[in-house]
């Protein structure tokens, strides 16, 4: 006998393309790169428990030139970091 629990939402992992598009939308000032504040807001919207820490870790993993921003060339590193965390949509 199969039981169905309608209150349990199926959680589907975000794809790399979805995460890339999501992060690009989080560039609020339109300068083509993400700063720590924009990353913090992005991880907050993704449901991170401590978004400021995730933003700092995202910079650590993806900011290859150390300028404190994630630009287009560094976006893949940020997306890969977020993929490992397993963010999902309902």
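Every residue gets a Cβ built from N, Cα and C, even glycine.
Residues or ranges marked as domain 'EF-hand' by TrEMBL: 14-49 (among others). Remote same-chain residues near the domain 'EF-hand' (14-49) are listed as 55-56, 58-59, 68-72, 75, 78-80, 82-83, 85, 87-89 (criterion: CB distance under 8 Å, separation of at least six residues from the stretch ends).
For the domain 'EF-hand' (61-85), DSSP puts the residue distribution at 16 helix, 1 strand, 8 coil. What TrEMBL lists as domain 'EF-hand' is 61-85 (among others).
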* Asked: Averaged over the whole of the domain 'EF-hand' (61-85), what is the pLDDT?
  -> 97
* Under DSSP, the domain 'EF-hand' (14-49) has how many residues in helix, strand and coil? -> 21 helix, 1 strand, 14 coil
